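Below is one structure, written out as structure tokens; comments come after it.
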Amino acid sequence: MSQLAGDEPVATVDTPRVTELVRELLIALGENPDREGLVDTPARVAAWWRDFLCPAPLSAPTCFTETRASDQLVVVGGMSVWSLCEHHMLPMNLEVHVGYVANGTVLGLSKFGRIAQRYAGRLQVQERFTHQLADEVSSAIASEDVAVAVRGVHLCMSMRGVRMETARTSTLQAVGRFKTDPVLSQQFLTLIAGQRGAA
Ligand SMILES: Nc1nc2c(ncn2[C@@H]2O[C@H](COP(=O)(O)OP(=O)(O)OP(=O)(O)O)[C@@H](O)[C@H]2O)c(=O)[nH]1
Ligand SMILES: [Zn+2]
């Protein structure tokens, strides 16, 4: 088990057992797991679960001293990660935007994506993902001034159930100055809107 700052451990996967269970699942679904096209399916599915739930460990987030980045709003947006809804075990695609106020220290840009991938690689709900990402970024930059906005497409809501294909769920976790300073909060939302427009 590996451990993230302030978070529960990431699961380990019993791949041989998952392979067996997927084979059982195929039988329960009325399929023949020994037919040509399905012979390797249980092992493939188990390998996918292992890769999805056990992402590479997160190295210490690289920060740089940048004294001229003082009181500067930095927004890394348009990041897309796949997660799995914990109620139906169906995919959700999360478009992620992270903002923070740099004050002499900046975080390596790719690290926002790596942190997002880490928290997406588990059974999730969008609200918890949004909160966890804000917490982790805040701890990486040692500052409370963080905002995370997420727009999710949930297959459990579009391909099944209520079947609303165009529904999108937006969540926003604003902490520190993003919560108390309406100008900063508005700047964040404006920059995000611009990034969405560019995509
Ligand atoms: N708040 C929240 N709800 C989610 C998320 N992902 C899925 N859900 C919801 O989880 C709920 C589960 O509801 P249930 O009534 O137990 O399950 P269900 O009968 O399959 O519900 P329907 O989806 O309405 O068919 C559904 O309303 C889903 O839309 C998420 O990330 N956040
Ligand atoms: Zn769901």
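The backbone N, Cα and C atoms fix where each Cβ goes, and this holds for glycine too.
Owing to the predicted nature of the structure, the values given are computational and were not obtained by experimental measurement.
For the Zn(2+) site, TrEMBL lists Cys85, His88; matching the candidates Cys54, Cys156 against that entry yields Cys156. The Cβ neighbour count for Cys85 (Zn(2+) binding site), using a 10 Å radius over every protein chain in view, is 18. Long-range C-beta contacts of Cys156 (Zn(2+) binding site), restricted to its own chain and to partners at least six residues apart, with a cutoff below 8 Å, comprise Cys85, His87, His88, Leu90, Met92.
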